[in-house]
Amino acid sequence: MDKLLKSLGLRASDLKPLQLIRNMSSVGRSSSSNTPAGTVTKRKGSKGKEAMEPLEIHYDEKTDSIDKTFGTPSTSSVVLTEEDIKSTNIDSDHEISLIPLTDNTEALVVTVRSLVVGFMVAVLGASVTQLFLFKPVHMRLQPAFLQITAMLLGRAAALIPGPKWWNPGPFGMKETVFSSLIATSASVGAYAIELLAAQELFFDRVSTFGMSFGILLSSQLIGYGWAGLLQPILVYPSQVFYPEILPSVSLFYSLCGDGPVAKDQIKFFKRAFVAMGIYEIFPAYIAPAFQAVSVFCLTLPKNQLITNIFGGAQPFEGLGFLNISGDWALVGAHGPLYTPLHAQVHHIIGVLLSLFILSFVYTNSWYDAGINQNFPFMSVSLLTTNGTTYPIKTVINKNGSPNEEVISQIGIPSFTSTYVIIQIVASLAMTSAITHVLLENYPLILGIFKKTEKTVQIDPHRQLCMKYKDFPKWAFGLILIFSISLAMGLSSLSESGLPPLGMLFAIFLSSILTLAVGFLNAVTGFHLHVSGVVQMFGGLLFPGNAFGNMWFTTFGASTVNQSMNMLKDLKLGQYMHLPQTLVVLAQMIGTFIGIFVNYGVMKTIIHSQREILLTSGGDGVFSGVAITSFQSAAVSWGAFAQRMFLADEKYGAIPLALVVGLFLPVPFFVIHRFWPRYKLNMVNVPLLAGSMASGYTVATAGRLVNILIGLASQFWARRYRPRWFMKYNYVLSAALDGGAQIIILFLSMVFQGGDGAKVTFPTYFLNPAPSMPRDYCYMTPKLTSSD
């Protein structure tokens with residue numbers, strides 16, 4: 001193998017990219033203006049070295065052999081020479097070694113049709129994302145689906161005759177990327193929408209459109225400001241590459257081509273998309289019983305304990321053990337076709353552990369909040385000591401402060417025992433992720449922060465893009481100053497309950513977390529959820545106001561998510577060789593589209609489905625679980641932090657778990673260093689803990705089918721059908737997700753009451769009455785999250 005590599009002028013490390021990019025990068029060919037993905041291109045250097053045509057390399061793991069084919073010379077106007085590449089000191093262990101180092105500077109980017117296509121796909125993506133915030137499972141359209149849709153619409157637009165300003169020729173790859181960036185920016189969702197929805201739904205605090213627009217805009221722009229200023233650390237080095245964007249990079253290079261492979265992929269995508277769209281009508285509307293089929297609930301006596309274990313058609317119904325789902329909205333939410341096998345194995349173990357641990361905790365009434373006290377098995381609501389809904393509106397004054405007189409009568413709120421365990425496990429996952437990444441990547445981390453010539457390696461794609469004008473750093477600074485000023489003013493005008501110092505500290509905390517979370521995500525692909533830590537800081541440092549904690553969380557945690565979205569887009573634009581100014585432009589356009597669409601969908605759903613959203617678990621079509629969880633955490637940390645979460649209080653184990661989590665990965669790391677034969681380095685503590693906590697707030701019926709499909713894709717197909725896997729697997733994932741979500745959007749808004757009007761399908765055995773779960777499991781009367 002080594003001799004073969006040397007004959008090609010390569011090293012073994014050149015063939016070690018992440019599984020996603022390695023399996024996808026050689027799929028298809030790009031158009032004549034771009035080198036095929038998965039190529040190593042050599043050109044005549046300044047010292048007259050012999051030129052080579054683009055070399056496409058395919059490594060066969062089974063036979064340990066390499067096939068090489070020579071393509072046509074690239075017509076790109078910018079190509080890095082070997083000397084250029086060497087001067088950047090690229091570490092070829094990284095995925096960027098398989099992304100073409102060529103650029104066509106004459107390719108069109110911003111055109112009328114790319115703007116129109118971007119707008120259309122952005123509206124679609126933002127609508128779906130916002131709708132699913134109020135669904136039993138939370139999904140958003142995959143970037144792969146958005147980029148394929150943008151490409152198809154762009155090609156359709158190119159067929160419309162017209163003047164050159166409309167149709168300058170074929171819809172190019174850079175136009176597709178620009179349209180996709182607009183769409184993905186809108187589709188990530190404005191996280192501050194939870195603040196607006198929670199205050200309106202639970203406290204009748206309705207913000208004006210101007211106030212709402214300002215909150216949504218400022219929370220996102222603060223994140224963009226931090227992202228722009230942190231580019232030298234989180235975008236420009238070759239060591240940071242954001243694994244989750246690599247499938248998008250590969251798809252752009254493969255699907256934007258005109259070769260037979262690309263045509264096959266597009267044809268396959270269209271068929272799968274249409275087939276899933278037609279099929280999804282049945283579980284979503286005509287036959288909802290397909291969503292969850294539990295043989296145990298159908299045959300065993302009607303008992304709540306049976307439901308706790310085997311039920312899963314609705315949030316908080318049960319753990320969904322051996323429940324079979326035929327609804328891709330439930331199955332695909334866990335990403336079985338693109339989640340790596342190693343992560344799926346951890347997920348399976350985590351699900352089994354949660355099954356036993358949660359059942360044990362509840363039946364033994366830990367925290368005096370289990371079966372003996374008549375507490376619900378699963379719930380994120382605040383409860384009284386006898387398990388009934390805590391009267392939040394009575395306890396919280398109009399300004400967000402706690403009503404001490406009422407609290408003295410009814411006591412402080414409680415959580416059901418299973419939710420306490422979930423919060424403890426989530427805290428363990430949060431901090432163990434930091435330690436895990438530090439231990440596994442400490443040489444790389446030290447290298448970046450030492451900033452020596454040997455350790456800080458500028459991404460060669462950054463070098464290619466340096467011929468374009470960057471978006472000025474002073475402009476990012478102005479965006480940051482403007483958005484902070486806007487947030488401070490709105491906080492004061494709305495009587496948020498958060499003092500100015502608290503707002504400034506939340507924003508400062510978001511900058512620190514952006515650096516930490518951004519680096520972890522950039523080098524490992526692991527996204528660290530920080531809302532729990534931010535809520536804790538807000539509750540302990542600025543206690544006594546529930547609304548204030550909501551604002552602190554929004555501007556301390558949600559801005560981090562917005563930063564991450566922009567950082568990934570900036571890196572994607574760098575890989576695709578787009579001018580940075582145009583990447584920022586696409587982000588801004590998408591942000592404004594997303595704000596209007598998110599706000600409109602949120603107001604529509606709340607007005608038409610208010611009572612259902614206030615009911616624990618919802619009705620199977622709509623659910624307010626996500627908003628309830630946000631409100632519950634804000635009230636408990638904002639109004640009761642020092643009476644519930646200090647070390648000697650009832651729930652002191654939750655913040656204590658943050659400290660314990662820092663040390664959990666250490667034993668596995670140490671044992672592996674001294675006894676590597678035990679392979680304990682394969683144990684990912686944060687992934688395992690996160691898998692135990694995942695799924696608590698959503699319908700769990702899709703778990704079994706998700707596991708089976710995941711094993712079929714990531715184990716069987718990847719191993720025994722590698723050609724099919726490389727060619728179609730990720731295209732299939734995008735098609736199934738897109739087909740299901742678009743039909744659900746249509747049905748929800750037209751037939752299921754999203755716009756206020758309902759067209760109910762007749763009740764029969766495959767469409768049970770609203771009072772009956774779709775899997776026919778027994779359910780006790782539901783709690784309501786209002787007084």
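Any Cβ shown, glycine's included, is placed from N, Cα and C.
Note that TrEMBL annotation is computational and uncurated.
Among the features that TrEMBL reports, region 'Disordered' is placed at 25-50.
As annotated by TrEMBL, transmembrane segment applies to 107-133 (among others).
For 145-166 (among others), the entry in TrEMBL reads transmembrane segment.
According to TrEMBL, the feature transmembrane segment maps to 178-197 (among others).
Annotation source TrEMBL lists transmembrane segment at 209-227 (among others). Remote same-chain residues near the transmembrane segment (209-227) are listed as 190-193, 195-196, 234, 476-477, 479-480, 482-484, 486-487, 490, 493-494, 507, 510-511, 514, 518, 554-555, 558-567, 570, 584, 587, 591, 595, 598-599 (criterion: CB distance under 8 Å, separation of at least six residues from the stretch ends).
Positions annotated as transmembrane segment by TrEMBL: 268-286 (among others). Within the chain, the transmembrane segment (268-286) has long-range Cβ neighbours (under 8 A, six or more residues past its boundaries) at 148, 326-329, 728, 731-732, 734-736, 738-740, 742-744, 747, 751-752, 761, 766-767.
What TrEMBL records for 345-363 (among others) is transmembrane segment. The list of residues near the transmembrane segment (345-363) in space but at least 6 beyond its ends in sequence, with Cβ under 8 angstroms from a Cβ of it, reads 305, 308-309, 319, 321, 334, 339, 370-371, 375, 377-378, 416-418, 421-422, 684, 687-696, 703, 707.
Here TrEMBL flags 474-494 (among others) as transmembrane segment. Non-local neighbours of the transmembrane segment (474-494) in the same chain are 207, 211, 214-215, 217-219, 221-222, 224-229, 500, 503-504, 507, 551, 555; each lies 6+ residues outside the stretch with a CB under 8 Å from one of its CB atoms.
Counting only same-chain residues 6+ beyond the ends of the transmembrane segment (501-520), those with a CB under 8 A from a CB of the stretch are 222-223, 226-227, 230, 233-234, 240, 433-434, 437, 445, 448, 484, 487-488, 491, 526-528, 530, 533-534, 537-538, 541-542, 548, 551-553, 555-557, 559-560, 563-564, 567. Look at TrEMBL and you will find 501-520 (among others) tagged as transmembrane segment.
The transmembrane segment annotation in TrEMBL covers 540-560 (among others). Panel annotation: around the transmembrane segment (540-560), residues 191-192, 194-195, 198-199, 203, 205, 215, 219-220, 222-223, 226, 396, 399-402, 487, 491, 495-499, 502-503, 505-507, 509-510, 513-514, 517, 530-531, 533-534, 630-631, 633-635, 637-639, 641-642, 645 of the same chain, lying at least six beyond its termini, place a Cβ under 8 Å from a Cβ of the stretch.
Residues 420, 423-425, 427-432, 434-436, 439-440, 533, 536, 645, 647, 681, 683, 685-686, 689 of the same chain sit 6 or more residues outside the transmembrane segment (653-675) yet have a Cβ under 8 Å from a Cβ within it. Look at TrEMBL and you will find 653-675 (among others) tagged as transmembrane segment.
The feature transmembrane segment is assigned by TrEMBL to 695-716 (among others).
Same-chain residues lying 6 or more positions outside the transmembrane segment (728-751) and placing a CB less than 8 Å from one of its CB atoms are 20, 23-24, 124, 127-128, 131-132, 135, 139, 141-142, 144-145, 148-149, 247, 251, 255, 265, 268-270, 272-277, 280-281, 284-285, 327-329, 332, 335, 337-338, 621-622, 713, 717-718, 758-759, 761. The feature transmembrane segment is assigned by TrEMBL to 728-751 (among others).
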Same-chain residue ranges lying at least 6 outside the transmembrane segment (107-133) that approach it to Cβ under 8 Å: 33, 139-141, 146, 149-150, 153-154, 157-158, 165-169, 171-189, 193-194, 197, 578-579, 582, 585-586, 589-590, 593-594, 597-598, 601-602, 605, 626-627, 741-742, 744-745, 748-749, 754
Cβ contacts under 8 Å made by the transmembrane segment (145-166) with residues that lie 6+ beyond its boundaries: 111-114, 116-118, 120-121, 124-125, 175-177, 179-180, 183-184, 187, 248, 251-252, 255-256, 266, 269, 731, 734-735, 737-738
